[in-house]
Ligand SMILES: Cc1cc2nc3c(=O)[nH]c(=O)nc-3n(C[C@H](O)[C@H](O)[C@H](O)COP(=O)(O)OP(=O)(O)OC[C@H]3O[C@@H](n4cnc5c(N)ncnc54)[C@H](O)[C@@H]3O)c2cc1C
C-alpha cells in the first residue's frame, strides 16, 4: 500500500499546484504510515523532479516519451494506472486542474475507485473510514465526503495546501506503459499557449481583477501595472469579458473560472453573488470601489472607498517602494 | 445527427445555501431551481447545430420529478424530446452510469453537458461517461463545430492556453462560455414544449463510490478594515505587515 501523486510540468518545471499535491500526498502517507511516490509525464526536467524530495517525495517515476509532451488523456491514464499497479497505491493525489480532474475521473472508472475533486483539506482517517472535505455550492459551502471504494482518488483545490519544504532529494526512475499509436488517437491538432510574461491565473497566489468600473479596455494598464508590481495574475468580471475588453479566460465567477489566491484585489467590481462564487475562498480580499454601498465590501478584509483612477496609481507607487 | 444534452437541476445562482438542522442534507426551502448555467451553453450549441445540419436534440436529466419544470424549459428553448432517469443523483459515478446506459440504448452522435454543475462542482461526469462508453471526452470545450458528418473540431481550455482537437463522432464534450449565447424560451416554444415527449425511465445499477456525510459553511470573515483613499498606499503596507500576503 502506498500513496501516489501525479505531477504536472510547465516549461520543464513542476507546477506550483503539483507541489501542493506532493505536500498533500506526503502528509497523507504520514497519516497512513506508508510511503509516497510521484509519477511525472512529459517535459519535466530531472532536477526539478529530484527537488520533489523537498515536499517529502522519496521516488519519482518518470515517463519522458516524447509523444506525451501534449496532454492525451488515454495515454496519461495508462501510464498512471501502471504506476498505481507497480506501487500498489491506495491513495492517488492530483491537483484539481483540467488535466488532473480529467485523469482522476477516468481512473476512477477504470480502477473502480472513489473520486473527490475540489478537496480543500487533509483527510480524516479512522480505521476503514476515509473522509475528505470538498468545496460545494460554488464556494458557499463545504461537504465531508466518505470515499468508500479503493483506490481513493483526491483532486485538491489550488492554493488550499501550504507547500512544505525541507525534505531531501527524490530518486528518479523511468516508467513505461508501452504505449501504442492507438493510445494517441485523441492527440490534439494544436496547442496554443497564451502569450504571457506574467503569472497564470489558475496558479496565481495574487490576483488583481477589474470590473466594469474600469470604464474601458484602454484603462487596463492600471490593472496590469499593479499586477506586475505585485507579481500577480490579472482577472476580470463577466461583463468585462462579454464586452471583449478582456479575454474570456480571465473571467472569474460562477460561470467563469474559480480562483482561490492568497490575495484577491477587486477594482471597480460591484461584488454580485455570481462573481463572489468564483473568488470567495480567497484568503484575503481587497475591494476598491467608489460606491460605499457596493456589496463586495461585505466579503472584503480590506476596503477603500474611492475612485479607482485616483487610488490605483497610489497603490502602484506604494508597491514599487516595497523591497522585493 | 442525434444530439444528447445532459442537464442538471440546480439552485439559482443567487440562492442562499442552507442545510437541514443535522447538516446532513441541503435545505430546499425557498430555493428556486434553474437549469445549470453551464448546461445552457451545451443546450444552445446543440440547438444551433440542429438548426444548421438537421437532426434531433434530446435532453436528459437524472433527477426526481421536481426537475420537470426545467426539463420543460429546455424543451421550450428548442430541444425535441426529453428523458428523465427517475432517481436522486447520488454521486457523480451514479449519474455517469445512468447517462452511459441511456446513450448505449439510443446511440447518439454527440453528447454535450456543462463543464460542471454549480451545486456539487464535481467536473467528473463527462470524463466518466467517456470512459464508460469508450469514446473521447473533450473537457472543457469553449468552441464546437462539425466539419462533416463524422468529424468535429473543438477548442478546449487548458491551464495557460488552449488545445484544438479533432475527434470522430461519437464523442462527449463539456461546454463553457463562449460556446454559445444561451437563449430564453419564447411564447411559441413554451406552448409547443407542453406536448413534446418526456419519457421517464427507471435507473439501472445503483452503484455509488462516495457518501456525503456532512455539510458546513465556511467561516465568516472578521469584518472589513477601511483605508482612507487619500492614504491608499497604506493598504500595501498592511498587506505586507498585517495580512502577510505580499
Ligand atoms: C447566471 C449568471 C451567471 C453569472 N456569472 C458571473 C460570473 O461568473 N462572473 C461575474 O463576474 N459575473 C457573473 N454574472 C453577472 C453578475 O451578476 C454581475 O452582473 C457582474 O458580476 C457585474 O460585474 P461588475 O461588477 O464588473 O459590474 P457592475 O455591477 O456594473 O459594477 C461596477 C462597479 O464599479 C464601481 N465603479 C464604477 N466606477 C468606478 C470608479 N471610477 N472607481 C471605482 N469603482 C467604480 C461601481 O460602483 C460598481 O460597484 C452572472 C450573472 C448571472 C445571472
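Placed from the backbone N, Cα and C atoms, the Cβ positions cover glycine too.
Note: TrEMBL annotation is automatic and uncurated.
Quantities reported herein were computed from a predicted structural model and do not represent experimental measurements.
What TrEMBL records for A:212, A:268, A:269, A:270, A:271, A:272, A:273, A:274, A:275, A:289 is FAD binding site. For residue A:271 (FAD binding site), applying a Cβ distance below 8 Å and a minimum sequence separation of six or more within one chain yields A:287, A:289, A:294, A:295, A:296, A:297, A:298, A:299.
For A:3-188, the entry in TrEMBL reads domain 'Electron transfer flavoprotein alpha/beta-subunit N-terminal'.
Note: A:273, taken in sequence order from the binding-site residues A:212, A:271, A:273, A:275, have a C-beta within a distance under 8 Å of a chain B C-beta.
Within the same chain, residues at least six positions away from residue A:273 (FAD binding site) with a Cβ under 8 Å of its Cβ are A:254, A:295.
Taking the binding-site residues A:212, A:269, A:275 in turn, the residue surrounded by the fewest other Cβ atoms inside 10 Å of its Cβ turns out to be A:212. Among the binding-site residues listed (A:212, A:269, A:273), A:212, A:269 have a CB atom closer than 6 Å to some atom of ligand 1, in sequence order.
Per-residue pLDDT, averaged across the domain 'Electron transfer flavoprotein alpha/beta-subunit N-terminal' (A:3-188), gives 95.
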